[in-house]
Amino acid sequence: MPAAAGDGLLGEPAAPGGGGGAEDAARPAAACEGSFLPAWVSGVPRERLRDFQHHKRVGNYLIGSRKLGEGSFAKVREGLHVLTGEKVAIKVIDKKRAKKDTYVTKNLRREGQIQQMIRHPNITQLLDILETENSYYLVMELCPGGNLMHKIYEKKRLEESEARRYIRQLISAVEHLHRAGVVHRDLKIENLLLDEDNNIKLIDFGLSNCAGILGYSDPFSTQCGSPAYAAPELLARKKYGPKIDVWSIGVNMYAMLTGTLPFTVEPFSLRALYQKMVDKEMNPLPTQLSTGAISFLRSLLEPDPVKRPNIQQALANRWLNENYTGKVPCNVTYPNRISLEDLSPSVVLHMTEKLGYKNSDVINTVLSNRACHILAIYFLLNKKLERYLSGKSDIQDSLCYKTRLYQIEKYRAPKESYEASLDTWTRDLEFHAVQDKKPKEQEKRGDFLHRPFSKKLDKNLPSHKQPSGSLMTQIQNTKALLKDRKASKSSFPDKDSFGCRNIFRKTSDSNCVASSSMEFIPVPPPRTPRIVKKPEPHQPGPGSTGIPHKEDPLMLDMVRSFESVDRDDHIEVLSPSHHYRILNSPVSLARRNSSERTLSPGLPSGSMSPLHTPLHPTLVSFAHEDKNSPPKEEGLCSPPPVPSNGPMQPLGSPNCVKSRGRFPMMGIGQMLRKRHQSLQPSADRPLEASLPPLQPLAPVNLAFDMADGVKTQC
């Protein structure tokens, strides 16, 4: 649960940048050890909450007694966020008064919706939205610089360079609004605030209406109100567009340079005011203004909207960009959504680890710019941290450096884990298409991106008998061929195209099966076919002499997948209903009954099970002779007892990394997902009693032909 109000309160710390001696030097180190933020940033002094003058509390905000502004239906008051100790501006809209104006009632929530759509450095940031039975609250960032109108009153008028800076920022904000399809319609000096860095902050858009601008709903409207900033087409009730904001910018520019309004009439009359605008009877301009400023001002106050420049043309004006050291404003665009790389890792980690918010909630809220208490906490803590670091630049690099590394691991891990969790055989094919084959030098490193397996799999690992001598000879020849290829190939980087660790390497783990066709994938050995030989009644010793023992045909026993690997392995009834055609592989394959085979959900009934042959590489093709032929039981072969902790498997074992062949007819993922069902022998009587008598086995005759299949005779 998020921390309650008042948690983390502490005494008043030293101001950022102030003297503190050893205490200030030790505070950053202590903050890094136990917290992701300095104590001055994460803590809230009790005196700050106690001394703040307020008359009520709404949510996590104290509504202060100081009034920042007032309108017809709303009042802007200073507030305090109790969780961060930061001051905010709270716009309180009286619902009862707003009901008197149907337009305001209908568009009451439009301002909050628009501000959540927009992000710009010269537009106030909306932090939170609250609503009660009688009031509607908009919590925004506080602009300590006050109103621009107050600054003009103090200075009488602004210098041309200072006014140019403000106008450039105002046009940039309006251009961003127009790009998003928003027309402010109420640009005036009172709606231009200044932040702590003396930058323009545009406020109060979304609630203005035509009636308020025209002055009909408010009989006390004067020349200092909205009608003095309205464009001629708006006063004439003609069809208007975004260029009405360009006219209002011209009025604001005139007010900054002269301290007065460009068009005034005595006594006030809308008809007389409109006539002055159309006739271009502008009040006199100061003589010290440059010709560029006068020319630009007259173009903005053009009464004909067709001849008036649009906001993009105004932003590209030569006078506006004169002596401007930054990028040309018309070429600068601001995204309405913050990117993941721009998130403050220290603030996000503090909110998730200390305040108890979910990591996904914090990131999604900030990235979507959704006004709520999570966005308010993040914005205020981040601003507080920036203010702290600006006063202590010497510890900016050392402050919570571990949080930057932690942020990389924690917030970029989902992207890497998503890429790493792609289907393995699909990534194998993509990698194989680019780099053809993996160098064998990487196989010896033993690095393998494997998955954790259950402990039951480690206990049930099967052991296999030594294969025949002829098979071992062919495997050794294949191994020598691989060594020759390894010497002729160059090494490849250890990183794949996804930026992850190279998974195409040989592994020494018995739980991982690797293929010589570069399709390396972690799978438990019980999921692969196992070579099972007929048990012999007598095993001669190493030194025994006599007639050499006949080699029994090898059969592949398909075992169950993950759901049944903890049970004992059993033998299935074999049937000659399927004919396997093997090319270039001297191995005898057992036939199985298709009616007793359990397939994975992704394969149709009657499809063939994949077989793993102990050669490299082996091309296997499957042909189904007769689906309707009845199954015929020929015989069963029982496996020898399998110890749980057997020695390391020989090269001829299917568990060996070089014992699987490439199957071009299906992907490695499909082959490994096949599930095979085995028969459970009765436990009350031995297996030999339930089996039919076995016929003596004849020597195995293997015929190799590229056109014909391998024929096995039992």
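Going from the start of the chain as shown, residues are counted 1 onward.
Using N, Cα and C of the backbone, Cβ positions are placed for all residues, glycine too.
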Q | ATP site partner of LEU68, GLY69, GLU70, GLY71, SER72, PHE73, ALA74, LYS75, VAL76 (as recorded in Swiss-Prot), chosen from LYS91, LYS95, LYS96 | A | LYS91
**Q.** region 'Disordered' according to Swiss-Prot, located in which of 1-26, 157-182, 261-286
**A.** 1-26
Q. Tell me, how many other CB atoms lie within 10 A of the CB of ASP186 (active site, proton acceptor), whichever protein chain they belong to?
A. 21
Q. Whole-number Å distance between the CA of VAL76 (ATP binding site) and the CA of ASP186 (active site, proton acceptor)?
A. 17
Q | Other residues, Cβ within 8 Å of LEU68, GLY69, GLU70, GLY71, SER72, PHE73, ALA74, LYS75, VAL76, LYS91 Cβ centroid (ATP site) | A | VAL92, ILE93
(Q) What whole-number Å value do you get for the CA-CA distance of ALA74 (ATP binding site) and ASP186 (active site, proton acceptor)? (A) 16
**Q.** Secondary-structure category, per DSSP, in which SER72 (ATP binding site) falls
**A.** coil
